[in-house]
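Written out below as structure tokens is the structure these notes cover.
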Amino acid sequence: MSDLQKLQRFSTCDISDGLLNVYNIPTGGYFPNLTAISPPQNSSIVGTAYTVLFAPIDDPRPAVNYIDSVPPNSILVLALEPHLQSQFHPFIKITQAMYGGLMSTRAQYLKSNGTVVFGRIRDVDEHRTLNHPVFAYGVGSCAPKAVVKAVGTNVQLKILTSDGVTQTICPGDYIAGDNNGIVRIPVQETDISKLVTYIEKSIEVDLLVSEDIKNGIPAKQAQNDRRSVLKKYI
């Protein structure tokens, strides 16, 4: 079973718990304020980050065709240059949509597992008809060609979040998404086998905690009693 197949069994909450408790990542890898505009069907999505950077239309770098090079089992991740991002709602400084239905059509044909846009998207019904998972900050109707262009693929993306912290997404990072949102697993900083083992044990423990609570044991007591075993997996 591949890393992606192992991780797809878990919710983003499970993964965040692992990143927080095993690797002391305070955010649990979570990116706030993204909405599942075209939600995943029945399960989590997991894939390898294929990153795309957008810059102002007058940027000297030439535009790149990113959509015809989407790798299989990837999550397409689009973001703006940091100076076009905002800490505050709506989290970006342009009103145009960066991504549309034809892009999802092509990405799905190339066997991408989903798309994350740190900006606006359009053609909502098309994404949903395709059952192609798409997460974004919001929606719009206008194409982006008058204001921004894609200038780089497989580059680091810097994401300004609403707590004022800048998070990084690297090409090849694992991206997971479900109805709770989007989580990044930093591949270069984590032992995936160790992370998966912790998550599996944590899920087992929480099932026991749930049963204890249903049988009348106080929640705090059940958590303390059951979760002590997890220390050996950290």
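Each Cβ is built from the backbone N, Cα and C atoms, and glycine gets one as well.
Sequence-distant neighbours of Gly101 (substrate binding site): residues of the same chain at least 6 apart with a C-beta under 8 Å from its C-beta are Arg122, Asp123, Asp125, Glu126, His127, Leu130. Marked as substrate binding site by Swiss-Prot: Gly100, Gly101, Leu102, Met103, Arg122.
In the structure as shown, the Cβ atom of Asp123 (divalent metal cation binding site) sits within 10 Å of 21 other Cβ atoms. For Asp123, the entry in Swiss-Prot reads divalent metal cation binding site.
According to DSSP, Ser2 (N-acetylserine) is assigned to coil rather than to any helix or strand. When other Cβ atoms within 10 Å of the Cβ of Ser2 (N-acetylserine) are tallied across all protein chains shown, the result is 10. For Ser2, the entry in Swiss-Prot reads N-acetylserine, with the evidence type a large-scale study or a structure entry.
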Euclidean distance between Cα atoms of Ser2 (N-acetylserine) and Met103 (substrate binding site), Å: 27
Sorted by sequence, non-Gly100, Gly101, Leu102, Met103, Arg122 residues with Cβ within 8 Å of centre, substrate: Ala97, Tyr99, Ser104, Thr105, Ile121, Asp123, Glu126, His127
Cβ neighbours of Gly100 (substrate binding site) where a neighbour is any other Cβ within 10 Å: 18
Ser2 (N-acetylserine) versus Gly100 (substrate binding site) - Cα distance in angstrom: 31
Alpha-carbon spacing, Leu102 (substrate binding site) to Ser2 (N-acetylserine), which is rounded to whole Å: 30
Fewest other C-beta atoms within 10 angstroms, as judged across Leu102, Met103, which are the binding-site residues: Leu102
